[in-house]
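If you look up TrEMBL, you'll see His196 marked as active site, proton donor/acceptor. The annotation active site, acyl-thioester intermediate is assigned in TrEMBL to Cys264. Residues or ranges marked as compositional bias 'Basic and acidic residues' by TrEMBL: 1-10. The compositional bias 'Low complexity' annotation in TrEMBL covers 43-55. Here TrEMBL flags 66-94, 323-344, 382-405 as transmembrane segment.
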Amino acid sequence: MRDVPMRDDASQAGGSQADGELPSFSPAGQDWQTSTLPPMPTAPQAQSMAAAMPPSHRARKKGRNWFLEGLGFVGEICLTIGLLLVIYVVWQLWWTGVVSAQSQAQQVKSLSWTAPAVTTGGNFKIAQPQKGDVPVDPQPAYGDVIGQMYVPRFGSTYRSLVVQGVGLDQLARHGVGHYTETVMPGGMGNFAVAGHRSGYGEPLADVDKFHKGDPIVFRTKDHWYVYEMDSHEIVDPSEVSVIYPVPHQAGAEPKERLLTLTTCTPRYTPGYQRWIVYAKFKYWANVSDGIPQELASKSSTGQVSFTQSSPTTAAQIPSTGALLLYLILALISVILAAAFTWGWPALRRDREIRANGGKPNHALSFYGLLWRVLPGIRSVRLLQLVLMLLIVVAVMFQYVCPWLVQNVPYLQLMSNYSNISGGAM
């Protein structure tokens, strides 16, 4: 293969080329030529050249699409409303039960009741059924505590306070309410009570799980009253005859000691109908003698315990008033610490853009604005948003939701906030 000598650019071009010149090859003469690059235009020249270009060749600046931004803002509003509705549902189905448990726990602590008898080894004694006349307490004042109800079918730790009256506050905060026109526990006739099936502690949530013969136990200050489930029926809310001394028989003379439980059905609805449970009296016993056999739980070692006496988990949760104060103090502390440590990075970037002759381009967004005005780095701002959300939840739980359910008729209906002759339970 023949070597091809390399051309010397300087000799072929007649010496060294001047700055700005590049060698070029001429096909005709087979000689190297030089070409000169045009000088770079100055900034004013570039602007005038760009202005002289046809519109199709100029870079077009995109304008703000206010329609899409408006849709995004409406989407934020819908998202916020949806979040508030979720908070309301959580309050209705869960937090009202926490409030009810807290209220009942406070009331029980204030009672000076006889403690069930125990053995020297710490075991609970079994109270034996008593004979003779059944003791019946007098009707208490409206809102006063009558006793507690225990239903083993609802769980080994189930219990609910029983208060006088079936008004809104009684059923919402104190468990089960007693129809004042009916007899007291153990009385001849119909001892009738009402309770919610969803929300507000839902003391009768599992009413559909009853089996014939299941025990239903009531405890007053000094006595136990044991009933056995007999039957059930579903009626309209206006069917008040279920709480007559003899159910459905106006004016009939009672010859039995009955118990009637009333609640709404179907569950998680405005309660278009009522689920009615009837029970018959079995026996009574003295609290000072121990606990009924129906409530006794025996371990493998023979230890007899009374599991229904243990405090509920919901009753130990702090109130929203205390939580709200702690959350506000935490948010203020985080904001101050972030402001002193990092300042406001997002706002600082906006100032830098304006200082360079630009204009920050932010979409129309409430949450975007909130994100920019918070101090600190990204993770710290996220923590502030979480604390704000928790504060909103606490305010809703403590003030907004209770006010809505008491003043908005539709929410009163949907919240199961009344008794047998009114809305749902």
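The backbone N, Cα and C atoms fix where each Cβ goes, and this holds for glycine too.
Keep in mind that TrEMBL annotations are predicted by a computer and have not been checked by a curator.
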Residue numbers, six or more beyond the limits of the transmembrane segment (382-405), whose CB comes under 8 Å of its CB atoms: 84, 87-88, 91-92, 95, 320-321, 323-324, 327-328, 330-331, 334-335, 338, 370-371, 374, 376, 411-412, 415, 417
Cys264 (active site, acyl-thioester intermediate) and the residue listed as 'active site, proton donor/acceptor', distance between Cα atoms, whole Å: 7
All-chain count of other Cβ atoms within 10 Å of Cys264 (active site, acyl-thioester intermediate): 27
Secondary structure at Cys264 (active site, acyl-thioester intermediate), reduced by DSSP to three states: strand
Number of Cβ atoms other than its own within 10 Å, given for the residue listed as 'active site, proton donor/acceptor': 28
